[in-house]
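Summarising the annotation, TrEMBL assigns transmembrane segment to 27-48, 329-352. Feature annotation from TrEMBL assigns ATP binding site to K66, M67, K68, T180, N285, F286, R287, K304. According to TrEMBL, the feature disulfide bond maps to C114-C159, C123-C146, C129-C153, C211-C221, C255-C264. Marked as N-linked glycosylation site by TrEMBL: N178.
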Amino acid sequence: MTILCALSDFFFEYETPRQVLVRNRRVGVVCRLIQLGVLVYIIGWVFIYEKGYQSTDTAISSVFTKMKGVGYTNDSGGERVWDVADYVFPSQGDSSFVVMTNYIMTEGQSMGTCPELPGKHDCSTDADCEGGSFKRTGNGEMTGVCVKRTKTCEVLAWCPVEDDREVPDPPLLLSAENYTLFIKNSVTFPAFDVSRSNLVEDIDSNYISRCLYHPDNAPLCPIFKLGDIIKLSDLDFQTIAKVGGAIGIVVDWTCNFDVDVKHCKPEYTFHGLYGSKEGASVGYNFRFARHYMEDKIQKRTLLKVFGIRFDIIVHSLARKFDIIPTLTAIGSGVGIFGVATVVCDLVLLYLLPKREFYKNMKFKYTDTQVQVRPLQK
């Protein structure tokens with residue numbers, strides 16, 4: 001019977017809002033303060049800060065790089081000039097590349113047997129050198145022979161083995177500080193059908209030939225001095241050049257297409273991603289070999305390269321007015337205004353001393369079976 005009554009009430013009753021004017025200063029102030037807070041949130045945060053009246057899009061990006069500069073070294077009496085083909089890896093102009101600043105060169109290596117370096121696998125007898133086995137930090141396969149002269153195991157490897165125990169200090173290619181980097185970046189915002197390049201309207205070939213990036217005097221110049229990049233990344237060039245590191249160059253395209261497209265210009269920032277702080281495995285290095293034939297014997301020159309890795313990262317966000325997000329933001333704001341009514345009703349109906357009185361004023365119960373007859377004159 002109770003269930004039938006509940007179903008009957010659900011289907012045959014209707015609730016209509018009833019407006020009650022409550023003259024209570026405290027409740028009135030609470031209501032207006034909440035409404036003011038909601039209004040500030042909608043205007044200040046949603047519309048002004050978050051740009052809720054605009055739609056957004058991110059860019060499809062392409063980055064091309066080119067290095068310029070020549071270095072000179074005189075290592076152990078061997079003079080050498082280094083150009084872009086020698087010190088940039090890889091050489092295709094990618095958005096991620098390494099500039100060599102220091103190296104350890106082992107020339108004339110050929111395949112054969114030779115002793116390991118001291119500390120790699122020390123021995124006193126042949127029994128200490130297990131033939132056919134490898135050591136993770138070693139340079140080759142052990143032959144089972146202990147070389148008495150060096151007291152290290154003999155290995156089958158590229159000989160003589162590389163000696164990288166001492167890193168050249170100061171770095172051999174300190175001239176890298178004066179190398180220059182050219183960045184060419186193009187972006188396309190598909191949603192708005194807009195394409196831009198970091199070679200904006202004010203940049204021409206004459207400007208590029210004489211400009212050098214400066215955050216204040218030349219913020220749009222696409223040519224950067226490596227020493228300036230390291231400095232703007234809060235790192236010391238000589239320290240990072242010795243053992244290597246990583247630098248992030250961020251090209252930021254934050255554009256508002258409600259104004260002229262020509263105002264959409266890139267901003268460059270620089271971040272030290274991996275420096276040469278004290279700790280395990282500091283810096284950045286890799287090995288590179290150049291093979292050649294001499295007297296019908298295959299030989300190679302091995303370089304342990306210490307360098308600065310540059311990662312060019314494009315960050316993009318474009319905005320433009322759109323009626324749909326505007327109406328959505330307004331609608332959600334109007335809905336949030338209802339919070340003030342809910343809070344004030346809770347205060348009136350459950351917290352104030354006269355809550356029963358306010359409850360009787362707010363809710364009115366009617367019965368359809370009771371007929372109210374009109375007064376007779």
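Cβ atoms here come from the backbone N, Cα and C positions, even for glycine.
Note that TrEMBL annotation is computational and uncurated.
Largest Cα-to-Cα span within the ATP-binding set K66, M67, K68, T180, N285, F286, R287, K304: 24 Å. The residue listed as 'N-linked glycosylation site' and F286 (ATP binding site) have their C-alpha atoms 23 Å apart, to the nearest angstrom. When Cβ-Cβ distances below 8 Å are used as the criterion, the transmembrane segment (27-48) is approached by residues 329-330, 332-333, 336-337, 339-341, 343-344, 347-348, 352 of the same chain, each at least six residues removed from its ends. The closest partner of T180 (ATP binding site) among the disulfide-bonded residues, by CA position, is C221; the full candidate set was C114, C146, C153, C221.
Among the binding-site residues listed (K66, M67, N285, K304), K304 has its Cα nearest to the Cα of C114 (disulfide bond). Under 8 Å, Cβ to Cβ, and six or more positions away along its own chain, K68 (ATP binding site) finds V84, Y179, T180, F182. Among the disulfide-bonded residues listed (C123, C221, C255, C264), C123 has its Cα nearest to the Cα of F286 (ATP binding site).
A gap of 23 Å separates the Cα atoms of C153 (disulfide bond) and R287 (ATP binding site). Taking every protein chain shown into account, N178, T180, N285 are the recorded positions, and of these the Cβ with the most other Cβ atoms within 10 Å belongs to N285. If you take the Cα of K304 (ATP binding site) and the Cα of C159 (disulfide bond), they are about 15 angstrom apart, rounded to a whole number.
Counting only residues at least six positions away in the same chain, the Cβ atoms of C129, C146, K151, T152, C153 sit under 8 Å from the Cβ of C123 (disulfide bond). Within 10 Å of the C-beta of C129 (disulfide bond) there are 22 other C-beta atoms, taking all protein chains into account. Note on C211 (disulfide bond): other Cβ atoms within 10 Å of its Cβ, all shown chains, come to 15.
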